[in-house]
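Swiss-Prot lists Gly375, Gln376, Thr377, Gly378, Ser379, Gly380, Lys381, Ser382 with the feature ATP binding site. Annotation comment: Swiss-Prot describes 25-310 as domain 'ABC transmembrane type-1', evidence class sequence analysis. Per Swiss-Prot, the feature domain 'ABC transporter' maps to 341-575; the stated evidence is sequence analysis. The transmembrane segment annotation in Swiss-Prot covers 26-46, 61-81, 142-162, 165-185, 258-278.
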Amino acid sequence: MDHLIQFWPILKRLIIYAIPWKKKIILAFFLLLSGATSEVLGPILISYFINNILSQHQLNFQLILIIIVIFIMLQILAVFFNYFQSILFNKIAVGIVNKLRNDVMKAALNQPISEFDSQPIGQMISKVTNDTEVIKELYDTVGPTFFRSITLIIIILFAMFTLEWHMAIITIFIIPLVIIVMSIYQYYSTPLLRNVRYYVANINNKFNETINGMNVIQQFRQQTRFENNIKESSELHYLARMKILKLDGFLLRPLLSLLSALVLCSFMFLFSYFSIGVYEVGVLYAFITYLGRLNEPLISITIQQSILQQAIVAGERIFSLIDSPKQKYGNNEEEIKSGKINIKNLSFKYKESGENILNNINIYIPSKSFVAFVGQTGSGKSTLANLLMGYYPIKHGKIYLDDKSINCISHDVLRKNILMVQQDPIVLADTFSSNITLGKKISEEKIWNVLKTVHLSSLVQSMPKGIYSILGEEGNNLSLGQKQLLAIARILVRNPKILILDEATANIDSGTEKLIQTTLSSIRAKTTLVVIAHRLSTVIEADMIVVLKKGKIVELGTHKQLLEKKGFYWKMYNFQLFNC
């Protein structure tokens, strides 16, 4: 019964998003009411014509002309009002969904990094795009259709009771039956629609995985396997949709049509008990017409029930993201001035049930020193770098920056003073300038100075538009080494107090590595430099080298001191030296 409990809270939250548009919504409902009233008045005119003109065999052409003109005017007004209310509701829907999509994106941007470790990217993309588009139909289709249908039902029933209350009472019995049908539909459709939304997100995730890994897929001839995976996901989505369609086909239009037919038979049965006069023929015509008109909004409401359920399920997925815990930071706005780091009794694991990645790490890094962390894959080097960046909450032990606990420092101060260059740099499909500034106001002179520092100025000068030259998707017109240098330029223009390089030279050629080493040498006097290194040749000049093994510090010292010990570092260095 959980899906029934969640229906109203989610619908209420979705309705709250419409409050800023209340003036336009009121105007749209006025147009909707006017259009519905214009539609309903038509059969009353025809009934009047049959009962008062046709039955009397006295053709008053002037009155007939007036009735015809009024009837045509009512139809024109109905079209006019319905057109403009449709345009207005669509405009409102787009505005609401734009706000909702912005909120979803804001929530995604403030998710803890740990969420991206466990959540497939396709699921996140589906929430931002597909689910918000489904919710759009709630505002531009379900809402207007529902209120238009309710308005029509009320006006039609009022007209029916005005004409003949016996027959109107029979008609009203169809409404509780419709409510029962809608309740049954909601009960059975919600879990099916959840499956549909899940399979859509799963297909998006597999497409994302396939496109991003296309080089590897083609290299290892895995096209057939990935094609079959996507086919399997599509088949599951198809089967889930078919279950919904079968439910729609049974509970929606066909069942309501049957109910309407039963009501019509009741009309005929009741009509047979009265003397058959022309007046009764006019009434019967009006009731048959109204029954057809009544059938349309009832069917519309039940059909919209399917779209409403899809919107509720999509809303459930979206609000689960919006309501999820955000990355927590401290409130201390005091700037980091020296850049010294003190790590005390630090232990860390990604999952509560998992094993420790880091175990009782203790180290002091002086201001403006060059410290390297080395070790085999899985030793905890990158985890330590992520903790220094404040990406994960620290529960066991402490990291102090300028004698302040990292858990107490504000997000703005952390991001301003501690920056990282990663192994796989992110390059935007934008200009050199935009990739360096990232929206921050920085002078052209400063951009050119930092490009000279990272030895990219000659490359940029050779391009037609210089720093305003557009880079390709993910910077595909740059080499990996050039991307890495650009990433370093992006960091240097901000003058961080602490600079972390996480395997920044692991995948580049020796020439680019030398350029990076030269760049780092030029900034050593300005910042605390923390290097996570795979190639030991890149950290020979470090003031201190920390050797990690299975999350523990096993050795500590300068390059010369560690070689003299002939321990774990000595073995690693000689292995790389003689196997290069």
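In case you wondered, yes, glycine gets a Cβ from its N, Cα and C as well.
Structural mapping of features recorded in Swiss-Prot.
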residue : record           : contacts (Cβ under 8 Å, 6+ apart)
Gly375  : ATP binding site : Lys381, Val547, Leu548, Lys549
Gln376  : ATP binding site : Lys549, Met572
Thr377  : ATP binding site : none
Gly378  : ATP binding site : Lys550
Ser379  : ATP binding site : Leu548, Lys549, Lys550, Gly551
Gly380  : ATP binding site : Ile357, Leu358, Leu548, Lys550, Gly551
Ser382  : ATP binding site : Asp502, Glu503, Ile532
Env. residues of ATP site, Cβ within 8 Å of mean position of Gly375, Gln376, Thr377, Gly378, Ser379, Gly380, Lys381, Ser382 Cβ:
Leu548
So which residues does the transmembrane segment (26-46) touch in its own chain, when a touch means Cβ under 8 Å and the partner is 6 or more beyond its ends?
67, 70-71, 74-75, 77-78, 80-82, 84-85, 88-89, 92, 144, 147-148, 151-152, 155-156, 159, 285-286, 289-290, 293
What average pLDDT does the predicted model assign to the domain 'ABC transporter' (341-575)?
89
Is it possible to get the count of other C-beta atoms within 10 angstroms of the C-beta of Lys381 (ATP binding site)?
24
What parts of the chain pack near the transmembrane segment (61-81), using Cβ distances under 8 Å and only residues at least 6 beyond its ends?
31-32, 34-35, 38-39, 41-42, 45-46, 48-49, 53
According to DSSP, which kind of secondary structure is Ser379 (ATP binding site) found in, if we only use helix, strand and coil?
coil
